[in-house]
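Notes for the one structure printed next.
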Amino acid sequence: MEGINLNQIGVSFKGSGSYVPNQILTNQEISKKVETSDEWIKSRTGISQRRISGLSENVSEMGYKAALGAIEMARWDIETIDLIILATSTPNDLFGSAPEIQSKLGAINAVAFDLTAACSGFLFAAITATQFLKAGSYKRAVVIGSDQLSSYVDWNDRRSCILFGDGAGAIAIEGTNELDNLLGFSMRTDGQRGSFLNLPSQNNQDLIINDINFSSGGFSSIKMNGQEVYKFAVREVPLIIDNLFKKTNFNSEKINWLLLHQANQRILDSVGERLNVSTEKILSNLSNYGNTSAATIPLMLDEAIRNKKIKENDIIATSGFGAGLSWGAALIRWG
């Protein structure tokens, strides 16, 4: 859809949705595959189980179902959506899975594209969407985080296979000329530390014609230096949120909720402690779903909204962090 040049000064958050596969993989079941135990996994990660996609499920299908939930909560007509951004690192079409979601929704007036920033992806995508809306280019946006990391896990590596699950979440955002509910944001990247967490390409030489080498593309499994990623998260995430507090004249007492990327319960607890955020304000569903990458924040958000935990006008400090290395934070007022 063409830009509509509205006089919008802010955004409002109109709806949320989520979807997780039916298949549940427990710690006990993983312990039959690798040398580990339920107690070992829970004590180090806080995870008890995770959802795994079935053969007929993929990023587009999960993202579509999450988006539908957000659109229904917002009570929008599908044709009024201008923008769809899919945050994913595991598209079922490497050229982009957002157009497939657009097609499934029937959102014929929306431009749709993928954004890749790993576990920071949803936050980065949501911030990107708000800037289009605040510029007056579009009126209504759906932002989706959907990932299927189970397809890229080395199921013989107990350090990483215990962490990840599949799922999707989405939010509906609308441009407004009233109060801006995006109170502030910050985004950062440090590519020099990218090797701490990555999913590298893997090329295989297949054919030689006239001394020209041809290779088929592919990817290996997730590579992670858990200790370095932990140190990165507990150092950088409190810092970026605290700096955002200072810029917006907020503090830990003025927020209602702390919503972090659901990577590891130890990280959530440590960040909360460093920010002096009380435990009851820290949102966590990590035990049930594990790390669903770009889906963790909207999945937790939707769960808290539908359980009537998060209410209209609640102030939420949120942060995504992960591969890149990338990290960011946003302060929002829900509604």
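Every residue gets a Cβ built from N, Cα and C, even glycine.
Given the ranges 177-181, 247-251, 262-266, 272-276, the record in Swiss-Prot names 262-266 as region 'ACP-binding'. Its Cβ placed at the centre, His261 (active site) has 32 other Cβ atoms within 10 Å. On the 0 to 100 pLDDT scale, the region 'ACP-binding' (262-266) averages 95 in the predicted structure. Here Cys119 (active site) comes close to His261, Ala263, Asn291, Ser293, Ala294, Thr296, Gly320, Phe321, Gly322, Ala323, Ser326: these same-chain residues lie at least six apart in sequence, with C-beta atoms under 8 angstroms from its C-beta.
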